[in-house]
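S.K.: Straight from TrEMBL, here's the annotation block:
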SIGNAL    1-28  signal peptide
TRANSMEM  268-291  transmembrane segment
TRANSMEM  353-374  transmembrane segment
DOMAIN    621-786  domain 'SSD'
TRANSMEM  622-643  transmembrane segment
TRANSMEM  655-679  transmembrane segment
TRANSMEM  685-707  transmembrane segment
TRANSMEM  761-786  transmembrane segment
TRANSMEM  832-852  transmembrane segment
TRANSMEM  1092-1110  transmembrane segment
TRANSMEM  1117-1138  transmembrane segment
TRANSMEM  1144-1162  transmembrane segment
TRANSMEM  1183-1209  transmembrane segment
TRANSMEM  1221-1244  transmembrane segment
Amino acid sequence: MGPAAGSLGFALLCFLALLSGCHRRVEAQHCVWYGECGESTVVPGKKYNCNYTGPPVPLQPEGYELLAELCPGYDYGNRSLCCNVAQLETLKASLQLPLQFLSRCPSCFYNLMNLFCELTCSPHQSQFMNATKIRGDDVVEVDYYIGTTFANAMYNACQDVQAPSSNVKALSLLCGKDVQDCNATNWIQYMFSIDNGQAPFPINPNFTDVEVAGFTPMNNKTYACTEGLEDGSGPCSCQDCTAACGPKPVPPPLPPPWTILGMDAMSVIMWISYMAFLLVFVGVLVGAWCFRRRTITSEYAPILDSNNPLSLNSDDPNRANPSCGERLGERFEDLLRSSFSSWGSFCVRHPSVVLLGSFVLVTACSGGLVYMRIITDPVELWSSPASQARQEKDYFDEHFGPFFRTAQLIITTPINDTFVYSPYFGGSDVPFKAILFKDILHQVLDLQLEIENLVAEYGGQNVTLKDICLAPLAPYNNNCTVLSVLNYFQNSHAVLDHVAGDEFFVYADYHSHFLYCVSAPASLNDTTLLHDPCLGTFGGPVFPWLALGGYDEANYNNATALVITFPLNNYLNDSVKMGQALAWEQEFIRFMKNFNNPNLTVAFSAERSIEDEIDRESNSDISTIIISYAIMFIYISLALGHINSFRRLLVDSKISLGIAGILIVLSSVSSSLGIFSYAGIPLTLIVIEVIPFLVLAVGVDNIFIIVQTYQRDERRPQEELHQQIGRILGDIAPSMFLSSFSETVAFFLGALSNMPAVRTFSLFAGLAVFIDFLLQISCFVSLLGLDAKRQEGNRLDICCCVKLPERQEVKTEGFLFRFFKKVYAPFILKEWVRPIIVAVFVGILSFSIAVVNKVEIGLDQKLSMPDDSYVLDYFKNLSEYLHTGAPVYFVVEDGLNYSSLEGQNTVCGGVGCNNNSLVQQIYSASLISNYSTIAYTPSSWLDDYFDWVKPQSTCCRFYNNSGAFCNASVVDPSCVSCRPMTQSGKQRPEGEDFMRFLPMFLSDNPNPKCGKGGHAAYATAVQRYPNNTGVGATYFMTYHTILKESPDFINALKMARILANNISQSMGQKVFAYSVFYVFYEQYLTIAYDTALNLCVSLGAIFVVTTVLLGLELWSALMVCITIAMILVNMFGVMWLWDISLNAVSLVNLVMSCGISVEFCSHIVRAFSISVRKNRVERAEEALAHMGSSVFSGITLTKFGGILILALSKSQIFQVFYFRMYLAIVLLGATHGLIFLPVLLSYIGPPVNKAKVLAANQRHAGTEREPLIKY
């Protein structure tokens, strides 16, 4: 071929290539479809698009507005497109769900609309779309080439967008997978799949950034979520766009433990302090010993010369020079002695007057018991009406109604097996635990339906669950809220058995439906071939963390427990409705106690369960308490008698006097209860259980002191019985008055506590102790006089008509008194024993101080239940299986203007909202949930309202002829959009617009065309002013993290309050956090302070009273308070060793121990202070011998037998807080009062009062009588 031919061929090739190029350019302008044709065979109600390969067609004018709304990028020129108005309307209808959930983030929704606008209407369709299947005029399948860059950018802009009403990310509802498994590819694949119920035919996305087979991928410009749009829309909020948030909040580091050289600092400090004390103490002892050796004068050697200047007991009155204070103290002492002596003599001379008067007064006071009210409501018991938590609870109840009651089941199975589910359409195998086997679920559903059908009776009428249950969509939907995994299957056996497949394969069954629903619980249509809804029959979602337990992370298929919760309405002021709820709960408990299924293990509880079990526990403990008191009564009756010989057993016994003394104690208790009942102050179980024990301790001690002092006393010549008892009472009544009045004042000051249980106990105890003292120095003294006359007349006890023949009896000292006088007191006050005692007690004190800060705060609710209670199993399963905490409500109090842009921005979490808005701050807190205890983003009615009211949405519509609300599911041409499709119409509603459409939102039920209706989620969350003039109080709900132990609950309350305070400051509006458990745990925020304050005030009161009643002897009062303080500190050491936590119950016991400790200490200190022995050791020995035996027999032995019986109680709270603490109180009180205190007094006791010595010498001049004890 020649050159010419070659040139011609080259030219021809060029022409063909050019022609081919021109053809491609022409082809780039043609459509793939236009208009809608036949009905879709795969998705009923949808249509195929018509096959059309011609050029784009100008849009009809009636579609201009719709185009501007959906695809504003094409709203120019003659609007030549590959779609008509019908296709645009179909596009709008198909995108309603994404619109409602994703339009919160403008850039996300813009990118998404770009994807669908290019697909539906682009005039360049043929560049990136290929119709792969055409049936007649219908396009039944297409390939869509999408740029990978575009797909990833669109996904990145949308991945963080929240769905406020369900506390989950929006993509969990739109991706067809768990949000953790969702990515750009499978999200777009799901949106184009016929399985989603929206796409009428398969659209196969191909992801590439390069040209493939002649097709150029659609790679339009995208906007990141941090960017604003050209139409003026701002960037997405931090809540919907992590990139807009800046760095993730970092919780402050936990404070490191306080250590020294790697050891606990308090332990090290107290160990060093103890060693230092021992060195100083030993040094002082050695120095004193050396000094005594040099001066040849010893405290322990007899001082032979009474005129020695070192002697305290000079016989020469002129050498004594008492101070003014000593003289004043002696005069006060003499006034008390003479007053009580005269009174005692009167009581013995006129017993009938005293006894009758006492009986009348006691009867009158006790008459108030007919008005007695016992508080069993835990809120009233533990929370002061003036406390912050109580006021917040009352505010919440008043504005939103009380928090609902619950009946709950936690169901496990003894079957230990696993089934591995393999999805038909690919994906990794999924193991299912036995509790999620279908046959087990059927059995659980049977149980659930039986409970729903329970019928109780109240007031002669039947009560069913529907009468009292929470039905959020009533009256449109009266189904009860049941938070159960079976609600994913509409509580239906048929839906649970629903299977999609053929004779060879199962494409979808309950496994696939379950896996979808746990990722999208609010979905109305799952992505499997089943197309069953996940939304519960009551119209709300069932979150998997509420209905499943025992799983790891978010692998709900690994759940080992099912949780079924029946929320019931709570009624504040409707006693009939409340009675119905209680009756149904009682029937529920009865049914569950009798339920038996070998494949199911069920732990259960109802709202009334705890109160019922506490009542049952109290009743079961009555027998234990009676036995305990009976043992103490028998001991008292027998121990009071001083038996000189077997022949006089029934003469010398004091059984009747002991019984009378016990009746006096009980009379004082009943009088105290009656007086306060007259005043309308209700009782608590603590008062009933603790005060008799306390008053018995105080009262019996005084009884023993009175009786034993009389038994040891010798009547003086020419002294009559009434004079003798009067003289005895003059000696000992000041000591009784000192202890009783100290306790009374201490208890009354303890009533300043803001904890109702502590305050009530303190009031009742203070009055009971004082009444007991008054009855003892009147009634009991009269009875003692009568008994003394009986004994002198040789008449039998009880059978006083029987008289023994006269016979001279030798009076002997009692065994216990002789033991204390001859053996015990001399031994512990030996020179070598005393330092050991001091070292041991200071060592115990040092240990207790070291562990005071380690005593746990709180009350394990399991302790409040009997050992055999079904609620214990429930508590155990609750802490073992549950994966979420209690709901927490952030309440915005009345006063915020939601109609203004400024007010909205301080609250909302969407575009344009403040970075420190309420929703944003709670969202930020949820990012550090381990620190903040806030588990999830809050459900925000305001953000959902903004999405609902948008003009692009079909949610907000009204009838143009009446203005009434038109639900999205209504098809009626007279229904028009609430707001115009204008720039201003797309903005948030303000002013009148805001309030006009808000009632519609709050009455709208969610449906497939509008999932944002606020009736189910927010009907009670928003309080509106009368005539819809504005918004009052509102709340925003989220959940706490898992809370298991008391410290978890206390920390959750503390962190929620910190967060609420921060929100309040940033908003300039009062916001508080409220959860149902706050009223019970608020006390623990300040209980350490309350405990210190109560005990310090009590100690201060004891110090002041003791100082005054001991005749202004400050040093004696200080000795009493030091010993009591040591007892209290050692109580904390016992609490730490014995796992007794600090709470209201233990605080009551600590206040009581402060009172009882006075009995152990004050009598001995007073006996020491009035002793006129030569030196401190002898004075301490005299005081211990005389008072020690009475204190030991009166308190220690009396209580010991009764306390041991408490260990047999079925009640754990009795075993821990009564048996353990009472035992510790008695043992610590006895050891400190009878061992440490005498030794302390022998070292640093107050000097003798010279004025009292002179007075004693004058008083006993000419007699053989030695004060207090005749040695």
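Each Cβ is built from the backbone N, Cα and C atoms, and glycine gets one as well.
Walk me through where these features lie, including what they touch and how far apart they are.
M.R.: Distant neighbours of the transmembrane segment (268-291): 260-261, 835, 838-839, 842-843, 846-847, 849-850; these residues of the same chain sit at least 6 beyond its ends, with a Cβ under 8 Å from one of its Cβ atoms.
Sequence-distant contacts of the transmembrane segment (655-679) (same chain, at least 6 residues past either end, Cβ-Cβ under 8 Å): 361-362, 365-373, 633, 636-641, 687, 691-692, 695-696, 699-700, 703, 707, 763-765, 767-769, 771-772, 775-776, 779-780, 783-784, 787, 797-798, 800.
Cβ atoms under 8 Å from those of the transmembrane segment (685-707) belong to residues 374, 376, 614, 618, 621, 625, 629, 632, 636, 639-640, 654, 657-658, 661-662, 664-666, 668-669, 672-673, 728-729, 732, 735-736, 739-740, 743, 757, 760-761, 764-765, 768-769, 772-773, 776, 780-781, 784, 1144-1145, 1148-1149, 1152, 1155-1156, 1159, 1163, 1187, 1190-1191, 1193-1195, 1198-1199, 1202, 1218, 1222 of the same chain, restricted to positions at least 6 beyond its ends.
Within the same chain, residues 340, 343-344, 347-348, 350-351, 354-355, 358, 362, 365, 657, 660-661, 664-665, 667-669, 671-673, 675-676, 681, 683-684, 686-687, 690-691, 694-695, 698-699, 702-703, 706-707, 710, 721-722, 725, 729, 733, 736-737, 740-741, 743-751, 753, 1148, 1151-1152, 1155 sit at least 6 positions outside the transmembrane segment (761-786) and bring their C-beta atoms closer than 8 Å to a C-beta of that stretch.
Tertiary proximity for the transmembrane segment (1092-1110) is limited to same-chain residues at least six positions away from its ends with a CB under 8 Å from its CB atoms, namely 329, 332, 336, 734, 737-738, 741-743, 745-747, 749-750, 752-753, 758, 1116-1118, 1120-1121, 1124-1125, 1128, 1147, 1150-1151, 1154-1155, 1158, 1162, 1165-1166, 1169.
Sequence-distant neighbours of the transmembrane segment (1117-1138) (same chain, 6+ residues past either end, Cβ-Cβ under 8 Å): 841, 844-845, 847-849, 851-852, 854-855, 1095, 1099, 1102-1104, 1106-1107, 1110, 1146, 1150, 1153-1154, 1157-1158, 1160-1162, 1165, 1216, 1220-1221, 1224-1225, 1228-1229, 1232-1233, 1236-1237, 1240-1241, 1244-1246.
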S.K.: At an 8 Å Cβ cut-off, counting only pairs 6 or more apart in sequence, do the transmembrane segment (1221-1244) and the transmembrane segment (832-852) clear the bar of 3 or more pairs?
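M.R.: Yes, the transmembrane segment (1221-1244) contacts the transmembrane segment (832-852).
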S.K.: Any idea what the model's mean pLDDT is for the domain 'SSD' (621-786)?
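M.R.: That stretch averages a pLDDT of 79.
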